[in-house]
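Peer 1: If you scroll down you'll find the structure; I have some questions about it.
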Amino acid sequence: MPDTALQVEPLLDRLENALREEMTAREFADPAMIGIHTGGAWIADRLHARLGLAEPLGLLNISFYRDDFSQTGMHPQVSPSVLPFRVEGRNILLIDDVFYTGRTIRAALNEIFDYGRPAQVLLGILIERNGRQIPIRPDCVGQRISLAADQRITLSGPSPLQLRVHLVSSQP
Amino acid sequence: MIPTQTANLQLDSSGRLKHFLTVEGLSRELLVKIMDTAESFASVTEQTVKKVPLLRGKTVVNLFFENSTRTRTTFEVAAKRLSADVLNLNIATSATSKGESLLDTIRNLEAMHVDMFVVRHTDSGAAHFIARHVAPHISVINGGDGRHAHPTQAMLDVFTIRKYKNDFSKLKVAIVGDILHSRVARSEIHALNTLDVAEVRVIGPKTLLPAAVESLGVSTFHNLEEGLNDVDVVIMLRLQKERMSGAFIPTEHEYFACFGLTEKRLACAKPDVIVMHPGPINRGVEIDSQVADGPHSVILQQVDHGIAVRMAILSMAMRPDLEASAGDRS
């Protein structure tokens with residue numbers, strides 16, 4: 001079984017630089033950051049410190065917004081969403097660890113808009129893999145990689161943060 | 001695939017919740033899972049749009065054969081916060097009063113492609129009966145049946161206790177009042193024992209305690225001060241006057257004199273005791289207003305928690321007829 005490790009720190013460096021460039025280009029003033037539970041929150045926590053954001057980090061648990069509830073049912077979640085700032089009219093930095101089909105981000109955007117209407121949302125992703133299923137894609141990425149259909153990439157953490165590519169037995 | 005039913009009508013073949021009829025027979029793990037899920041719904045009320053799309057496209061029928069504004073309303077709010085469509089059927093003015101049988105009513109509603117029944121009925125076992133006869137895709141939630149069970153009230157009560165007290169295994173919980181007629185008390189006793197509470201006490205006059213109530217795993221007291229000694233939680237029960245057919249108590253005034261919760265009596269409990277009541281309160285009968293509105297009271301928090309707990313139960317029971325698929329869906 002393949003178990004290819006990717007180094008997280010260089011990817012964080014690239015993602016941070018990409019976010020800074022994009023924020024400058026889009027005149028992204030006074031941003032508030034949201035990490036998607038669980039891996040996205042770990043990455044957001046690191047970027048939040050690197051970018052020197054003063055406002056507390058927001059946490060989004062998109063379980064109640066997934067489009068696959070009718071297939072997977074309910075699972076207990078002990079980390080509810082916490083957005084310690086007003087979303088209305090804000091520039092939001094939305095952060096996740098892995099971008100695959102795009103459905104998680106769709107769910108996250110739906111949830112964010114239930115808290116208010118942000119001015120802009122900028123999506124930062126540590127790893128973008130192939131397999132996009134809906135017309136959503138990240139603005140900034142640490143790295144893009146191509147994987148086989150039966151391969152997954154998983155972030156473990158929060159300390160240390162480690163990426164691992166592995167095989168799965170069934171399709172999502 | 002339609003999951004097959006197990007020996008426990010409430011669970012599917014994978015041990016997941018299909019119906020929620022009683023706390024009896026459910027595992028500690030499942031009760032904790034309900035509370036954990038309810039915990040995560042708390043943030044929904046902080047949203048500008050107080051809804052999540054989990055049950056979008058589903059139809060929940062509140063099938064109330066017995067009046068209850070509070071329970072029906074909280075089920076309705078819970079279902080609507082999950083984006084379900086809700087039908088409220090007042091059975092007193094519906095077809096059953098014109099002679100239609102209960103099963104005919106159920107069949108007609110099934111033909112309207114509904115997905116869930118929340119049932120309240122004056123007869124014990126009514127929710128079980130309906131659960132045994134509904135179409136396989138429909139879930140049934142017991143909103144209170146006769147003197148038998150009120151499992152969602154019990155779950156919101158233990159959820160409230162968990163909010164204030166960390167460790168169930170160290171708690172002494174007193175349930176006070178009309179145990180005999182109380183479906184809430186029966187369900188609470190089962191829930192508290194399943195969660196391994198250190199001691200569950202029932203306190204009341206002999207006329208309002210069931211025979212052999214100790215077999216449910218409780219200790220009994222007929223003196224309020226003695227029973228309240230050193231307890232962490234006091235759950236006051238409403239006098240079920242509508243279910244009393246005989247002279248169970250001399251007068252309400254005398255009942256309050258012996259079993260009414262006053263500040264002085266509450267001082268027998270631990271200093272950080274919490275006081276609960278499933279409502280509606282009979283002030284001056286079961287509980288003094290100073291206690292009901294006092295610093296130890298968590299009665300209004302119970303109402304708030306009731307919505308989150310019912311959201312959890314509705315969403316867990318309305319699970320798919322498919323096995324869960326694993327894998328990263330990012």
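Glycine is treated like the rest: Cβ placed from N, Cα and C.
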Peer 1: Check TrEMBL: it lists B:Arg70, B:Thr71, B:His150, B:Gln153, B:Gly279, B:Pro280 as binding carbamoyl phosphate. Then name which of B:Arg107, B:Arg120, B:Arg132, B:Arg319 it lists for that same site.
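Peer 2: Of B:Arg107, B:Arg120, B:Arg132, B:Arg319, B:Arg120 joins B:Arg70, B:Thr71, B:His150, B:Gln153, B:Gly279, B:Pro280 in the carbamoyl phosphate site that TrEMBL records.
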Peer 1: Limited to the domain 'Aspartate/ornithine carbamoyltransferase Asp/Orn-binding' (B:170-316), I'd like the whole-number average of pLDDT.
Peer 2: 91
Peer 1: I want to verify one value. Collapsing DSSP to three states, which class is B:Arg120 (carbamoyl phosphate binding site)?
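Peer 2: Strand, per DSSP.
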Peer 1: Per residue, counting other C-beta atoms within 10 angstroms of the C-beta, which of the binding-site residues B:Arg70, B:Arg120, B:His150, B:Arg183, B:Arg238 reaches the highest number?
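Peer 2: The most densely surrounded of these binding-site residues is B:His150.
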Peer 1: Would you identify which of the binding-site residues B:Gly279, B:Pro280 has the most other C-beta atoms lying within 10 angstroms of its C-beta?
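Peer 2: For the binding-site residues B:Gly279, B:Pro280, the Cβ with the most other Cβ atoms within 10 Å is B:Gly279.
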Peer 1: Please report the distance from the Cα of B:His150 (carbamoyl phosphate binding site) to the Cα of B:Arg238 (L-aspartate binding site), rounded to the nearest angstrom.
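Peer 2: B:His150 (carbamoyl phosphate binding site) to B:Arg238 (L-aspartate binding site), Cα-Cα distance: 14 Å.
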Peer 1: State the Cα to Cα distance, in Å, between B:Arg70 (carbamoyl phosphate binding site) and B:Arg183 (L-aspartate binding site), rounded to an integer.
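Peer 2: Their Cα atoms are separated by 16 Å.
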Peer 1: What are the other residues, in sequence order, whose C-beta lies within 8 angstroms of the center of the C-beta atoms of B:Arg70, B:Thr71, B:Arg120, B:His150, B:Gln153, B:Gly279, B:Pro280 at the carbamoyl phosphate site?
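Peer 2: Result: B:Ser68, B:Thr74, B:Gly143, B:Gly144, B:Val184, B:Pro278.
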Peer 1: Relative to the Cβ of B:Gln153 (carbamoyl phosphate binding site), which residues of the same chain, six or more apart in sequence, are found under 8 Å away?
Peer 2: B:Thr71, B:Gly144, B:Val184, B:Ser187, B:Glu188, B:Pro278, B:Gly306
